[in-house]
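According to Swiss-Prot, the features are:
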BINDING   S102, D243, D245, D247  Mg(2+) binding site
MOD_RES   S102  phosphoserine
ACT_SITE  S102  active site, phosphoserine intermediate
Amino acid sequence: MGRLFGTDGVRGRANADLTPELALAVAVAAAHTLAEADRSHPPLAVVGRDTRASGEMLEAAVVAGLTSAGANVVRVGVLPTPAVAFLTAEAKADFGVMLSASHNPMPDNGIKLFAAGGHKLPDEIEMKIEAAIEANATTAWERPVGAGVGRVHDLLDGADHYVQHLVGTVPHRLDGIKVVVDCANGAAAEVAPAAYREAGAEVVEIHAKPDGLNINDECGSNHLAALQQAVVEHGAQLGIAHDGDADRCVAVSADGDEVDGDQVMAILALAMRQAGTLTADTLVATVMSNLGLRIAMSREGIRLVETKVGDRYVLEELRASGLALGGEQSGHIVMPAHATTGDGVLTGLHLMSRLAATGKSLAELAAVVTPLPQVLINVPVGDRTVGAVAPAVRAEVERAEVELGDAGRVLLRPSGTEPLVRVMVEASTETLARQVAERIADQVRTASPVG
C-alpha cells in the first residue's frame, strides 16, 4: 500500500479512491491505534462532516467501523473542521474524525483525524494507522460482541456550543460592522452567520444554501468574484470568504479588493501585540508568505518565523515554541489560545473586532503590508528532484538572489505530489519578477526535460 495519509489526512474521489470500504478500514485501524494509550474505558470518538453528498455515505462507514471496533461515537453532523476539533477536546474524546476535502471540488472527500485534545495527528501515529490497516487486511482483529459493540450518540447542540465558544473569545463587539459572508455552500453555512450576528455584526450571507452538490462551486475562499461584487452592492465594510470546511478566512475590503492571509495575520499580530497577547512578539508563517509580510513585521518590531508549506508545520512550530499566532497566505490562521487548528470563523471574528475597536477600514489596516509582485511558474520536469538541485539551476538562483538583493526573493520547490518544480519569484516590479522566474524556469527545463 502506498502512503495513505497526505499533508491533510486521507483524500480522494469519493466512492472511487475514497470508498466506504477504505473509510471503514481507516476507522477500525484508528480506533485500535488511538485507543492503545488507555484501555481503561471504551474509546470515544467525535465524528463530523461537511456538506458534500458523499459525506453521509462515508459517515455511515466510519461510524460502522468505529463501533465495530468497540468505540463509542458522538456524531455531530455538519460542522466546520475546527468545530470538530473543539468538540473533540470538550468531550474529552480519545480522537475526532472530520469528513471533508476542504476547498477541493464536490466529488472529492477526505478523512481527517484529530488526537485527544483536538490536535492534528503526528506523522508517526498516521504511519501506525496505515500499518494497522495493512495488518488487518491479512489478519482480522477480534471484534467485540454484545455489550462490547460501540454505541452512537447524536449531539444536537454542537453548533450552538461552538458558536458560544467563538463569540466568547472576541475582545471587542462588532456592533456597527456590516459584513457579507460567503459560506462556500459548506460547513460554515449555519455557524458563520450565527457567530457574526451573535457578536453584533449586521450580516449578509451568500452561498449559504448547501444542497450536497454545490460546495465550493464558484464560491468561497478560492472564488472571490461574487463576494467582491456583493460587498460593493450592499455597502458593507468588508466581506469574508470561507472554504468548504471553514478552516480558512480570506477577506475583501469595502472597495472589493482582496485581503489575503498574510495581511490578515499582520492585522491580528499588531492587535495582539497591543493587547499584550502576542507571545515573544513573534508571528509564524510559511515560506510561501509574501516578502512584504516579513518587511512589514520587521518594520513593526515583530519577529517572523518561517516553516515549510502546510498548516500542520505552522501548528507544530506554534506548539513547540509556545507562540500565539501563525498561519498561511491562503487564509489558514491559527490562534492557539482559542483553537487547536486553523479556524476561519474565529479569524473572521477577530478581524472584525479589530475594525470595530480602531474605527479604521479594512483597507487602512491591511495597508501595513505592501505585497511584492509575485510570479509563480509550475515547470513540468522528468525528475522533480534533479530539476530543483542541478548545478546550472542553483547557479541561476544564486545570480537572481544577488540581482534582487533585499528587495525580492526566490523560492524553488519540488512538488510533493506531481512531476513539477515550482519557481516563485518576488521582486519590486512584476516585470522583473517574471524575467527572473523565466530564466530560472528555463534552466529547470534544461536540467530535467520531460520525456
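Glycine residues also receive a Cβ, built from the backbone N, Cα and C atoms like all the rest.
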*Give the sequence-ordered list of residues that share a chain with D243 (Mg(2+) binding site), lie 6 or more positions from it, and have CB atoms under 8 Å from its CB.*
S102, H103, A184, G186, N216, G220, S221, N222, G331, G344
_Cβ-based neighbourhood (8 Å from the centroid) of the Mg(2+) site, residues S102, D243, D245, D247 excluded_ = D50, P80, T81, S100, H103, G186, A187, H242, G244, A246, R248, G344
*Going along the chain, which residues six or more apart from D245 (Mg(2+) binding site) have their CB under 8 A from its CB?*
D50, P80, T81, M98, S100, S102, G186, A187
*Here the binding-site residues are S102, D247; which one has the lowest number of other Cβ atoms no more than 10 Å from its Cβ?*
S102
